[in-house]
Amino acid sequence: MRPSRAANNRNWDRFAVTEAPFALLAALQARRDQGLLRTRCCSEHVSGSRMVVAGREHINFSSNDYLGASQNPLIRSAWKAGLDVWGAGSGASPLVTGYTAAHRELEEAIAEWLGVEAVMLFSSGFAANQAVIKSLLTAEHTVWQDRLNHASLQEAGSQHACRLRRFRHNDLAHLSSLLATAQGLIVSEGVFSMDGDQAPCAGLHELAHQSQNWWMLDDAHGLGVLGAQGRGTLDHQGLGSLRPDVLMATFGKALGTSGAFVAGRRELIDYMVNFSRDYVYSTHMPPAQAVATLAAVRWVKQADAARAHLAELIHRFRTGAMQAGLPLLDSATPIQPLLVGCSEQALALATSLRAQGLWVTAIRPPTVPTGTARLRLTLTAGHSVDDIETLVVALARAWQESRHV
Ligand SMILES: *Cc1c(COP(=O)(O)O)cnc(C)c1O
């Protein structure tokens, strides 16, 4: 959607005279010229998979709340109960007085669920990824990243002193050709956030082992959704006994709350508690949030019915979309991108769907590589079979119309 020029210009006038040393206006104008200017949309009300924007209700097909956990009554009431016991915030960083029994209980529950030795909590996945890379890797080390890794991983790799090597998406042979012995960390996502496909985890583990490097898995989109008890991508791939050297995942997706954890061997967590500035110098997550997230872990472990419903919706969506000839990517996860290519066309599709009450997001460069603009559709257990049928019909119509302009 085009932002209102008049409204923006009014705000920008104040900055125009003091542009130097930061060329903000020029950067914004360049984005606007390329049709890539971003703006935020404000939801006025949210209820299950419905959201109200500009006074109008939409079915939300852009949320990462894969199991509908953010609206789950058990998790909501746990958050309220946690508030009554612990108050609104943690009051300090974890090494001062911000680490509570609520945090410890959540860490222990995650360790038991995923069979890891030790766990530490962060306020966001972005912070957790920065913390891992910045505290482990020095200028002497190399980080090998899948090209499609999340911005929080790429950012840490490119802004930090360590060497950054990017390997082609899920390409083990390319990674292998870039590897050096005992030099650093191989990093991949479990389920890729923009494509919905999965990493070749057995191969990554094997290459790390052979080359005496460490392997980190960011399972933000796999945890809760895939595998027995929602244990994630490794379990889904029949690799339930594999342990990455560093396992990271977030609470803001299938678990329905917010925040993240890093897990691994005891010495990794002890080391990060001592040396990660992102951890040591940041106010710890509110204990009430830890209480809610513990309830979320307990619920997600046994949420087979929600996972089965979600799997059914994914199957129906893919069958319908294929029959309609839509350009689906090969994804078995709730992330179902439609590859459009051109940014303007992706935007036009999103706008047309929104006009029909379906909230979908056009993802454009630089979030995805140039020429691969897409609609990123996400399905959740909060959707009904009817919602999926509505989506397929509306998509097919909008797709046909966009072909004919
Ligand atoms: C969402 C996401 C993050 C960031 O987590 P936040 O808690 O939202 O900061 C990190 N990695 C991946 C793969 C993600 O999808």
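The backbone N, Cα and C atoms fix where each Cβ goes, and this holds for glycine too.
Keep in mind that TrEMBL annotations are predicted by a computer and have not been checked by a curator.
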Task = Out of His160, His169, His221, which one does TrEMBL list together with Gly125, Phe126, Ser193, Thr250 for pyridoxal 5'-phosphate?
result = His221
Inquiry  = Taking ligand 1 as the reference and 6 angstroms as the Cβ limit (strictly under), which binding-site residues among Arg38, Gly125, Phe126, His150, Thr250 are close?
reply    = Gly125, Phe126, His150, Thr250
Message = Max CA to CA distance in Å over the substrate-binding set Arg38, His150, Thr367?
response = 18
Message = Long-range neighbours only, meaning 6 or more apart in sequence with Cβ under 8 Å: which ones does Gly125 (pyridoxal 5'-phosphate binding site) have?
response = His150, Ser152, Asp218, Ala220, Met248, Ala249, Thr250, Gly252, Gly259, Ala260
Inter-residue Cα distance where the pair is Ser193 (pyridoxal 5'-phosphate binding site) and Thr367 (substrate binding site), in Å = 11
